[in-house]
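Novice: When I checked TrEMBL for this same protein, it listed these features:
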| type | residues | note |
| --- | --- | --- |
| TRANSMEM | C:12-36 | transmembrane segment |
| TRANSMEM | C:135-157 | transmembrane segment |
| TRANSMEM | C:178-208 | transmembrane segment |
| TRANSMEM | C:336-358 | transmembrane segment |
| TRANSMEM | C:379-403 | transmembrane segment |
| TRANSMEM | C:440-460 | transmembrane segment |
| TRANSMEM | C:466-487 | transmembrane segment |
Amino acid sequence: MIQAPAWLQILSRSAAALFGGYALSYAASACLARLLPLSAADAVIVATLPAFVFYTGAILWAFASRDAVRAWAPLALAAPLALLGFWPQALGWLA
Amino acid sequence: MMMWVTGGVLFAYVGMLGLCQGLERHYKQVWQRPCPRALRVGLRGAGWLALLVSLLLCAQAWGWAIGPVAWLGAMSLSGMLLVMLLPYWPRLAVGLAAVVPVWGMVQLFG
Amino acid sequence: MKNTFTQSMAWLHTWAGLIFGWLLFAIFVTGTLAVFDKELDHWMQPEVPATEVSQADAARRAVAYLQAHEPQAGNWGISLPTERSPGLRVSTGDRRHGGGVQLDPRTGEAIEVRDSVGGNFFFRFHFTLDLPRNWGIFVVGALALVMLAALVTGIVIHKKIFKEFFTFRPNKGQRSWLDFHNASAVLLLPFHLMITYTGLVIFMLIYIPAGVDALFEGDSRAYFNAQGNARLEQPRQLARQPGQLVDVAPLLAQAEARLGPLGGLNIRNPNTAGARIEIRPELGNRIALAKGQAMVFDGVSGELLSDVPQWRAAPLTQRVMVGLHFAQFGGYPMRWLYFICGLVSCVMIASGLVLFCVKRGRKYGNGTAQASARRWYRVAEVCNVGFISGLLLACVALLWASRVLPVELAQRESWEVRTFFGVWVLALLHAGVRPARRAWVEQLLLVAVLCIGLGALGGVGDAMRVGVVLSALVMGVLLGLVAWRVGKAVPAPIRAKAGRNVEAGA
């Protein structure tokens, strides 16, 4: 396997931290807001309060993971979470 | 209120001092001799007790909603003060505990 | 990144800390100063008298002034004198910030007050870096996130949190810097985490509107209505018929009994049958931030139309977190706790930045290292000086500008801001042309002298202004001590050089 130059690795991991982290915290908040058994107004707040914990976790993950591809795992994780969070909208688009 | 606040900060300092002196290396730092085991346990216990008193005093000053916030701040800052005093003036750092009886006197008779 | 988890976390901590630490330091310093924003406001506008007039009398005089000068305005805003802000200010229209006329609470006459950005500048810079507002809050939000990541990685890489809980070993170069960085970070960890996280919570729905997007189709108005924040409907019809305004004093008394100390009031559609009087509490009667809350009275009958709402658990949680950040509760003792904690945070960040250079100084600071490595090291060194002591210099320069710039200067406020940024740039340039240690000493000494000299500008009429001057004096003395200490530490490199000379001679 060819080792990418250091600066490219750093760039890729930083992008993974920034964008992957944002996607994860956005999707996780949406999913939580949908699943929490609270009124909509309360669910939004309770689901968004921990968003930055997810984001921090994703940042650490992006720099701790073994290789630069795994660093993007939060982005991959974001997809199913977003689907859960936005399933009525998703059904609307499909129909 | 100021008496309660002062007391809260004072007991937070004494609490941190107790916990600190209950550690082998910091006891040695001040007294240049090892700390007997019983004294170490006693110092630590007194430290935790003083922190508890500090919490009560903060709650007395600010109420139970705001008091714990002030308590955390007081513990942090007095810990910081202690850390800065210890290497330069170790005896003074310990001697500050003598303010407690003064505070108590003022509280009782002031 | 690196081989082990700890190593990669250390890498992240070092580099994220260095690159973002310079701006984080600026955010923490201005945030710490913003704890006393109103006090600085008061000091920067020495024309505002310190008086002890009851709020009811002040409000009556303000209403009389507005009746005489602005009877047709659609909205009257009145900021009442409070403990922290003894001025009485009236304004019209919907301009919430700035503008308006300062009145003497004793007479109700308008007084000439110099234009000044006031301590409010530090508050605004703290969450926007003086960028356009929306850009600013995103940049500061991203920086706060980096701070959070730096705190967590810092905990991960600090192996001896409890063993070295109380440890500080001075006069040992790099060891001492690391000890101090660790001690200030660990002992104040609750504060660091709290202030960073609650800072993110303030604008969380702007940063991550996921919940609103998912449950309200991105309609933030629908979301606010669901929160029960819907505005009382304005009586458009009645607002065209003339009406007699009720006396505000009894309403203020009623509101004070319900809300605690008051901050000010708004009178919408004054002198009409549809007049509404909104009375808002001073922030800080409790932890939860009461921004935007008000009791609304009918302006003609004086009847209470809407009371402050009771918060449900979830919004209350958010309000408490935001309130913890704004630090408006608990009075002056709490303000001082926050201020000193903030100072320690600033010093913690600064010590981390300095540590970066101290650690690499031996390797890159002399002629043996590669030219490019040496150049990057120099950049870090210059930025350290320019962003740490340079920022302090800019802050104290702003205070001087508010007093020294001619009172009649047009656009005085923007000249104050230009002074702030101009001095900052000059400090960076100065750091670039001077040897690092000299630059540190010179800039820190200048900050110290300017801080100590604030009292010489006069205009110290009351306890609050004396407090500002005395605090600046103490800061100045402390910074002077730091400058002296940095200057005294010069012999170390000279000794090293002497050692080399001996070797060369041998």
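Each residue, glycine too, has its Cβ placed from N, Cα and C.
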Novice: Go through the chain and flag residues at least 6 beyond the ends of the transmembrane segment (C:379-403) whose CB is under 8 A from any CB in it; none is fine as an answer.
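Specialist: Sequence-distant neighbours of the transmembrane segment (C:379-403): 18, 22-23, 25-26, 29-30, 33, 40, 43-46, 114, 116-118, 121-122, 350, 353-354, 356-357, 360, 415-417, 419-421, 423-424, 427-428, 430-432, 436, 439-440, 443-444, 446-447, 450-451, 454, 457, 459, 472, 479.
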Novice: With a Cβ cut-off under 8 Å, give me the same-chain residues at least six positions beyond the ends of the transmembrane segment (C:12-36) that come close to it.
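Specialist: Here the qualifying positions are 1, 119, 122-123, 125-126, 129, 140, 143-144, 146-147, 149-150, 153-154, 157, 195, 327, 335, 338-339, 342-343, 345-346, 349-350, 352-353, 356, 380, 383-384, 387-388, 391-392, 395, 468, 471.
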Novice: What residues in the same chain, six or more past the boundaries of the transmembrane segment (C:466-487), come closer than 8 Å to it by Cβ-Cβ distance?
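Specialist: Beyond its ends, the transmembrane segment (C:466-487) has Cβ neighbours at 36, 39-40, 42-43, 392, 396, 399, 437, 440-441, 444-445, 447-455, 460.
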